[in-house]
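Participant: Before we start, here is the structure in question, set down as structure tokens.
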Amino acid sequence: MRKYILICSLTLQLSTTLAQIMSDGKTAVNISNVLDTLLEGYDKRLRPGFGGEAVVVNADLSLRSMGPISELDMIYTLDCYFRQRWMDRRLAMNVSLENLTLGIKILERIWHPDTVFYNGQKSYLHAITSHNRFLRIGANGTVLFSQRLTIQATCRMHLENFPMDIQHCPLMFGSYLHSVLCVTFKLSRHAGYFLINLYLPCCLLVVLSWVSFWINREATADRIALGSLTVLTMTILGIENKSQLPKVSYITALDVYVALCFVFAIATTIEFAVVHYFTKYGTGEPLMLSSDEDSSEDEISEENTSLDSLTLQNGKFKVQDYPWPPNAVNVKVGVLAKLCHCLTRTKTKGVVPKAYKGKVSVFSNSVSQVDRASRVLFPLTFTISNVVYCIAYYLWAFSE
């Protein structure tokens with residue numbers, strides 16, 4: 001039953017199509033005669049209404065896609081249907097059809113606007129599998145001309161807020177010698193790529209540099225190596241960022257953030273330099289104290305060797321409560337050492353070998369108060385800086 005219905009349907013459609021072809025054959029002959037009559041004496045070099053008012057050409061764009069957009073070359077690409085409509089009374093026809101769709105070859109025999117794109121670069125007309133152009137003439141002489149174009153246009157971009165910027169890119173077109181029309185595209189950038197590939201690595205490098213605050217200040221090589229690594233990596237990220245942008249004479253929002261992270265990474269290294277310089281007197285390095293007299297009878301025990309007995313009196317370190325004479329060992333101390341002792345007094349644990357005669361050696365493994373404060377101040381300051389940065393640039397970007 002289904003096969004029978006399908007065959008009947010195909011037979012009816014075929015009969016209808018043949019009837020339309022036979023009917024259209026007569027119409028085609030009539031239209032050909034009409035077109036031949038219209039184009040007799042038609043001068044395509046003269047615009048419609050020559051000598052009178054200017055021809056009004058209505059144009060519109062049907063945007064198919066946008067991109068790619070290049071900040072380095074400051075150009076953008078769009079794929080669109082570009083349509084133009086104008087009135088040419090010389091093409092008015094006395095036919096029953098409302099519109100007549102014609103082959104594109106007829107465009108070579110009639111007048112059409114000399115429209116150009118003023119800021120276009122390397123634009124082209126799609127020609128696969130044939131030229132993507134369309135021409136339709138109305139019975140009253142209205143001509144519709146449509147074509148598919150891919151246009152590359154220049155756009156002077158302002159990158160102060162990059163990558164949180166909003167660009168206004170114009171597309172200017174019009175008659176070669178007359179009026180100019182302008183279409184403006186508002187382009188908002190998605191910052192996800194830059195957030196993952198630049199902002200997050202820079203932030204993690206700064207956090208990595210804070211690890212040195214938990215490393216003992218005696219581990220000079222470790223802390224210097226960590227600080228140098230973060231600074232050099234930050235420098236590479238900054239150079240890589242600039243290679244993707246045009247050489248502009250101003251700084252961008254991304255430059256500001258990279259510079260902010262670079263400052264925090266350098267500040268971590270400088271902080272260790274301060275800690276090392278101001279605390280190596282008596283704590284950062286082994287402190288050797290020599291007595292005025294040799295003692296060969298008594299040895300120093302671990303129970304009575306601690307820095308709690310090392311005090312600063314009258315500009316001298318005094319070591320007391322040791323079981324050999326003399327009861328005090330005097331070491332001259334400079335003014336800078338006094339200041340360092342006052343600023344960086346920390347809890348220490350000392351261990352003294354037993355076999356030293358006439359000498360007291362203090363070995364420390366201490367944590368500076370500057371490091372303790374930096375563990376809080378650096379993360380807090382960096383967090384506040386990030387919040388201020390995001391609020392400032394987002395408000396600036398969306399205020400445009």
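Glycine too: its Cβ is placed from the backbone N, Cα and C atoms.
Pulled these from TrEMBL:
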DOMAIN    33-189  domain 'Neurotransmitter-gated ion-channel ligand-binding'
DOMAIN    198-280  domain 'Neurotransmitter-gated ion-channel transmembrane'
SIGNAL    1-19  signal peptide
TRANSMEM  191-211  transmembrane segment
TRANSMEM  223-239  transmembrane segment
TRANSMEM  251-278  transmembrane segment
TRANSMEM  376-396  transmembrane segment
Participant: Can you say which of 191-211, 251-278, 376-396 has the most Cβ pairs under 8 Å with the transmembrane segment (223-239)?
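Facilitator: Looking at each of 191-211, 251-278, 376-396 in turn, the most contacts to the transmembrane segment (223-239) are made by 251-278.
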Participant: Excluding the flanking five residues on each side, which residues at least 6 beyond the ends of the transmembrane segment (191-211) place their CB within less than 8 Å of a CB in that stretch?
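Facilitator: Tertiary neighbours of the transmembrane segment (191-211) are 163-164, 226-227, 230, 233-234, 237, 241, 254, 257-258, 261, 264-265, 268-269, 374-375, 378-379, 382, 386.
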Participant: As a test of reading the model: what is the averaged pLDDT for the domain 'Neurotransmitter-gated ion-channel ligand-binding' (33-189)?
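Facilitator: Across the domain 'Neurotransmitter-gated ion-channel ligand-binding' (33-189), the average pLDDT comes out at 90.
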